[in-house]
Amino acid sequence: ALVLLAFQVQADPIQNTDEETKTEEQPGEDDQAVSVSFGDPEGSSLQEESLRDLVCYCRTRGCKRRERMNGTCRKGHLMHTLCCR
């Protein structure tokens, strides 16, 4: 399912008020948070539960600690790494 995600990701800045992210390095010009969409408007409850707290970034230089690579994403016409935690 996450491989499918790589082709459907659209860049969309997201603000996170989580205390953990305040102490970590914030996304800069090279990193953008993205929203995740699977195309099925109804979705499945299992899918919704597992993705509820998923935060992904489209990164140009690879994933940071506590993130894992979940595919690729686009910024304009360039492909980058999709990193989620």
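Glycine residues also receive a Cβ, built from the backbone N, Cα and C atoms like all the rest.
Here Swiss-Prot flags Cys56-Cys84 (among others) as disulfide bond, drawing on similarity to another entry. DSSP assigns Cys84 (disulfide bond) to a strand segment in the three-state reduction.
There are 24 other Cβ atoms within 10 Å of the Cβ belonging to Cys73 (disulfide bond). Under the three-state DSSP scheme, Cys73 (disulfide bond) falls in the strand class. Feature annotation from Swiss-Prot assigns disulfide bond to Cys58-Cys73 (among others).
In sequence order, Cys56, Tyr57, Cys58, Arg59, Gly62, Cys63, Lys64, Glu67, Arg68, Met69, Asn70 make up the list of same-chain residues 6 or more apart from Cys83 (disulfide bond) whose Cβ falls under 8 Å from its Cβ. Look at Swiss-Prot and you will find Cys63-Cys83 (among others) tagged as disulfide bond, backed by similarity to another entry.
The annotation region 'Disordered' is assigned in Swiss-Prot to 13-48.
According to Swiss-Prot, the signal peptide annotation covers 1-11, on the basis of sequence analysis.
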All chains considered, the count of other Cβ atoms within 10 Å of the Cβ of Cys63 (disulfide bond) is 16
Cys56 (disulfide bond), DSSP three-state class -> strand
As a whole number of Å, the Cα atom of Cys73 (disulfide bond) is distant from the Cα atom of Cys84 (disulfide bond) by 12
Disulfide-bonded residues considered: Cys56, Cys58, Cys84; fewest surrounding Cβ atoms within 10 Å belongs to Cys84
